[in-house]
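Peer 1: In case it's useful when we look at the structure, here is the feature table from TrEMBL:
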type	residues	note
DOMAIN	25-441	domain 'Major facilitator superfamily (MFS) profile'
TRANSMEM	31-48	transmembrane segment
TRANSMEM	60-80	transmembrane segment
TRANSMEM	154-178	transmembrane segment
TRANSMEM	184-204	transmembrane segment
TRANSMEM	243-261	transmembrane segment
TRANSMEM	281-301	transmembrane segment
TRANSMEM	313-331	transmembrane segment
TRANSMEM	337-361	transmembrane segment
TRANSMEM	373-397	transmembrane segment
TRANSMEM	417-440	transmembrane segment
Amino acid sequence: MSVLSFFKASSAIPLKDYTEKMFKSTRMKSFWAFSFAYAIYYVCRLSFNVAKPILVNNGILTPTELGVIGSATFITYAVGKFVNSALADHSNIVRFFSVGLFFSALANFAMGMNTSAIVLTIIWGFNGWVQSMGVGPCVVALSRWYDDKERGSYYGFWSVAHNVGEGITFVVTAAVITTFGWRAGFNFAGIAGLLGVLVTIMFMKDSPESCGYKPIIKTESKDEVFDNKEVLKHQWDVIKNPAIWILAVASCCMYIARYGVNSWGVFFLENGKGYTTIEAASIISVNSIVGILGTVVSGWLSDRFLHGKRNIMTIGVSLLNAISLAAFLFAPNGNTWFSIIALSVFGITLGIQLCFLGGLLATDISHKSASGIALGMMGVFGYAGAAAGEFLTGFMLDKTTVINEAGKKIYDFDSLSYFWVGADVCSVLASVLFAIVVYYQTKRITN
């Protein structure tokens with residue numbers, strides 16, 4: 001069996017007699033399987049973030065090296081998300097998804113066996129590529145199994161997976177690292193990844209047609225058949241749409257702010273605010289935990305009360321996100337509850353942003369057979385921003401660090417805070433421009 005035939009989308013089998021209950025049962029098992037496994041994808045992606053303080057404090061890596069390693073995975077993830085999300089439109093998403101998680105688990109095991117910055121960069125860069133094989137199949141699964149009236153709600157429910165994965169990382173992985181060392185943290189992530197692969201293979205399904213059910217994606221006419229040529233046509237329409245590019249810029253800026261907190265938040269609180277690793281990781285986990293609320297209600301609220309019109313809601317949420325981020329970063333030292341409240345607001349609004357800017361708005365204005373590439377474009381820009389932010393953060397820390405008379409390193413976090421907040425404000429402005437462009441595009445079509 002060739003690689004192409006292995007990943008080829010499952011063929012439709014003859015339509016079988018089935019009840020609506022049978023269909024929904026199969027669909028729900030598949031939904032929970034890829035949602036659980038996607039949470040594990042995040043455990044395998046964020047393990048390095050929790051290990052950062054101990055790697056620097058033990059003299060294993062410098063902040064600049066941390067930034068380079070982090071940038072490597074963001075760059076490969078950005079490119080991979082575009083390529084692999086486009087491929088997911090044509091693929092057996094169960095196999096595609098499982099292979100990515102399997103190799104991500106192996107990458108985590110390998111990270112725990114090395115201390116060379118060059119080797120770690122190569123391994124984590126590889127991890128970024130295989131990590132990009134996760135999100136596309138999930139979005140394609142949502143498009144294949146859910147119609148327009150349901151997709152927004154289930155997209156929001158699925159998006160909770162990344163919050164769960166982040167929560168596990170910042171609580172469980174941090175505890176493992178504190179108790180058993182940084183190598184054990186990577187091993188824990190690797191074991192979790194293998195468990196996720198097993199769940200995926202057992203319960204996730206490729207498409208309704210491959211299970212003998214009627215397809216969800218409707219063709220535009222009785223004579224139209226969705227072959228690869230037709231899918232490519234719709235994918236090209238996505239690439240030509242200026243609204244998609246504006247949305248991608250908004251996603252790029254939002255991801256700089258997002259990973260300012262997710263990737264460097266523990267380091268910031270430990271070295272800038274004086275918390276221990278467990279305390280810092282626990283505070284950052286609040287961002288992920290409360291983000292579940294924003295993620296869950298985002299699609300449901302916009303589907304039920306805004307009739308799927310999410311543009312105005314995106315602008316308001318993005319503005320509140322920038323304000324809460326500034327409040328968290330510039331909170332007085334020792335004011336833990338103020339930091340937690342500010343981070344909670346940031347987490348809730350970020351959950352909504354990730355749902356909207358991260359993919360749902362892009363799929364809303366794209367043909368459903370091209371949902372993978374629409375999401376991929378958001379990924380390219382989003383993680384390009386994350387990569388730039390990761391490198392610049394590490395570089396700025398190294399250049400502004402001073403050593404006091406006691407030999408302790410003093411980091412300048414003020415410049416970084418302005419950088420992260422400024423990026424978030426740019427995301428707000430791009431969201432406004434996106435809403436304007438989509439309004440006039442819709443008006444032109446209706447006229």
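Using the three backbone atoms N, Cα and C, a Cβ is placed for every residue, glycine included.
Automatic prediction, not curation, is the source of TrEMBL annotations.
Quick caveat, the model's predicted, so the values are computed rather than measured.
Explain the structural surroundings of these features, please.
Peer 2: Confidence annotation: the domain 'Major facilitator superfamily (MFS) profile' (25-441) carries a mean pLDDT of 87 in the model.
Here the transmembrane segment (31-48) has long-range neighbours at 69-70, 73, 97, 100-101, 104-105, 107-108, 111, 124, 127, 131, 134-135, 137-138, 141, 145, 154, 157-158, 160-162, 164-166, 168-170, 173, 185-186, 188-190, 192-193, 195-197, 199-200, 202-204, 262, meaning same-chain residues at least 6 beyond its ends whose C-beta is under 8 angstroms from one of its own.
Nonlocal intrachain contacts for the transmembrane segment (243-261), taken as residues 6+ away from its ends with a CB within less than 8 angstroms of a stretch CB, comprise 74, 284, 287, 318, 321-322, 325, 328, 343, 346, 350, 353-354, 357-358, 361-362, 365-366, 374, 377-378, 380-386, 388-390, 393, 416, 419-421, 423-424, 426-427, 430-431, 433-434, 437-438, 441.
Non-local neighbours of the transmembrane segment (373-397) in the same chain are 63-68, 70-71, 74-75, 77-79, 81-86, 89, 132, 135-136, 139, 235, 238-239, 244-245, 247-249, 251-256, 258-260, 263-264, 357-359, 362-363, 365-366, 411-412, 415-416, 419-420, 423; each lies 6+ residues outside the stretch with a CB under 8 Å from one of its CB atoms.
For the transmembrane segment (417-440), same-chain residues at least 6 beyond its ends with a Cβ under 8 Å from one of its own Cβ atoms are 242-243, 246-247, 249-254, 256-257, 260-261, 311-312, 314-315, 318-319, 321-322, 325-326, 329-330, 353, 357, 361, 365, 385, 389, 392-393, 396.
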Peer 1: Please work out which recorded stretch in 60-80, 281-301, 337-361 has the most C-beta pairs separated by under 8 angstroms from the transmembrane segment (154-178)?
Peer 2: 281-301
Peer 1: Under an 8 Å Cβ to Cβ limit, what residues of the same chain, 6 or more beyond the ends of the transmembrane segment (337-361), are close to it?
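Peer 2: Counting only partners 6 or more residues beyond its ends, the transmembrane segment (337-361) has Cβ contacts under 8 Å with 135, 139, 152, 155-156, 159, 162-163, 247, 250-251, 254, 258, 261, 269, 273, 283-284, 286-299, 302, 310-311, 313-314, 317-318, 320-321, 324-325, 327-328, 331, 374-375, 378, 382, 427, 431, 434.
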